[in-house]
Amino acid sequence: MIIVCASCGAKNRVPEEKLAVHPNCGQCHQALLPLEPIELNEQNFSNFISNSDLPVLIDLWAEWCGPCKMMAPHFAQVAKQNPYVVFAKIDTEANPRLSAAFNVRSIPTLVLMNKTTEVARISGALRTLELQQWLDQQLQQQQGN
């Protein structure tokens with residue numbers, strides 16, 4: 001399994017059975033499975049998304065968005081509970097090309113990616129339990145496919 005380091009962008013080959021021991025990057029020695037959302041931008045998005053074998057849940061948000069700010073701690077809480085999903089945030093104001101590529105119509109918008117394929121999307125602020133239930137449902141559907 002390939003895991004892209006959120007800190008330095010290096011690709012790391014990690015056997016699936018080693019994921020439970022919280023592996024570190026071979027290049028920068030940072031945790032490969034951070035238990036908090038990472039920041040993606042127009043510079044690191046393509047490398048990260050196309051090379052990560054883990055599902056990536058992206059929160060498309062903006063600084064001025066009240067519901068986005070309300071949802072942020074819930075998104076971070078669910079990230080702590082799901083080490084085998086990468087939680088990422090993209091600031092739509094700072095990254096307008098990514099916002100356009102995702103065809104964002106309202107924020108916050110959550111997009112679940114499997115490599116470069118969008119597998120699910122939901123718009124609107126979610127609380128911890130709602131977000132966890134939605135994510136579980138999407139991951140179960142992916143396992144069934």
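Positions of Cβ are set from backbone N, Cα and C atoms, glycine also.
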Problem set entry | Cysteine paired with Cys68, where Swiss-Prot records a disulfide bond, from Cys28, Cys65 | Cys65
Problem set entry | Cβ neighbours of Cys28 (heme binding site) where a neighbour is any other Cβ within 10 Å | 12
For this session: Compute the mean position of the Cβ atoms of Cys25, Cys28, His29, which form the recorded heme site, and then list in sequence order the other residues of that chain whose Cβ is within 8 Å of it.
Result: Cys5, Ser7, Cys8, Ala10, Asn24, Gly26, Gln27, Gln30
Exercise. Over the domain 'Thioredoxin' (29-140), what is the model's mean pLDDT?
Worked result: 95
For this session: Work out how many Å separate Cys65 (disulfide bond) and Cys25 (heme binding site) at their Cα atoms, rounded off.
Result: 34
